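These come from TrEMBL:
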DOMAIN    25-287  domain 'NADH:quinone oxidoreductase/Mrp antiporter transmembrane'
TRANSMEM  57-75  transmembrane segment
TRANSMEM  95-115  transmembrane segment
TRANSMEM  153-171  transmembrane segment
TRANSMEM  178-196  transmembrane segment
TRANSMEM  202-219  transmembrane segment
TRANSMEM  239-261  transmembrane segment
TRANSMEM  281-303  transmembrane segment
DOMAIN    290-343  domain 'NADH dehydrogenase subunit 2 C-terminal'
TRANSMEM  324-344  transmembrane segment
Amino acid sequence: MNPTVLTILISSLGLGTTLTFIGSHWLLVWMGLEINTLAIIPLMIRQHHPRAVEATTKYFITQATASALLLFASITNAWTSGEWSLTEMINPTSATLALTALALKIGLAPLHFWLPEVLQGLDLTTGLILSTWQKLAPFAILLQLYPLLNPNLLLSLGILSTIIGGWGGLNQTQLRKILAYSSIANLGWMITILHYAPNLTLLNLILYIIMTLTTFLLFKIFNSTKINSIASSSTKSPLLSIITLLTLLSLGGLPPLSGFMPKWLILQELTKQSLFTPATIMALMALLSLFFYLRLCYATTLTMSPNPTNMSSSWRTKPNHPTLILLTSATLSILLLPLTPAIFTLI
């Protein structure tokens, strides 16, 4: 792609998200979401591959439907209340429609059907943008609307997302689909606690973006799209294989890594709110997510053989990747060190 065109598209992505962040008027917020969607479409279709075209078409139809539903919710609220402000959504029907539209935009269950197929049809770089940056604008709206949303509906969407995210990733062999179901499960944790402790939602979102960014960059370095390709590519750099191992375990929520911290705090808050059944269900579904991450870790460690011949050749092999990606992955992996004990000592 032409560098000028690529710069314009990346700038448009930043502009759309910024408009949503700073906007308090529904039309300005909707405009930011539309700019965000239209900017990523050319990035998704730049490969001119049938799978990329199919994924782009599905994404465009889904996002257009969500945007139309969100605009309808804002117009309905303005019609009944006379207010276009984001925090003045007093109509319960409009609030429910807005939540449905935002759930469709980020891929919450049961509106998750598009996310695994779309992510599977994209390359790792565009999939990284879709899994991280594209979540920021909808969550900026949710963090402003949470006092007006139905807590029971939020809890139902969150529990259903953790269940589907846990079960859906068990029988997958494609890494991008596994990351898609992981995204659904992590979004479920964020939505569940949104009404009770929005600061925990923000903490979970930040850690999720850091861990997902590191995972996608590592897979980009190894050029891995399937589980068996991890096993064959880890000989390129044993150090990066160890970083991949830690990253996957942290993303799965294994204590005491950083990914365990938001899950533990969310379960603690749900217990304080006397929501014992949802907390139990989510804890069990977290074990399912951890299971398929452990399977990825097992595939990563298959080539870490004690055979001296294999080890000497693997250390001499230079991975085919840009230095910038390697440095970025190494830097981000530092943030995956065990943070939970340090946080708990301050609480």
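Note: Cβ is positioned from N, Cα and C throughout, glycine not excepted.
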Segment-segment contact (the transmembrane segment (178-196); the transmembrane segment (281-303)) at 3 or more Cβ pairs under 8 Å: yes
Distant-in-sequence neighbours of the transmembrane segment (95-115), which means Cβ under 8 A and at least six residues beyond its ends: 33, 58-59, 62-63, 65-67, 69-70, 72-74, 76-77, 89, 134-135, 138-139, 141-142, 145, 148-150, 153-154, 157-158, 160-161, 163-165, 180, 183-184, 187-188, 191
Intrachain residues whose Cβ lies under 8 Å of the transmembrane segment (281-303), provided they are six or more past its termini: 158-159, 162-163, 165-167, 169-170, 172, 175, 178, 182, 185, 188-189, 192, 227-228, 230-232, 234-235, 241, 244-245, 248-249, 251-254, 263, 266-267, 270, 310, 314
Average pLDDT across the domain 'NADH dehydrogenase subunit 2 C-terminal' (290-343), rounded to a whole number: 57
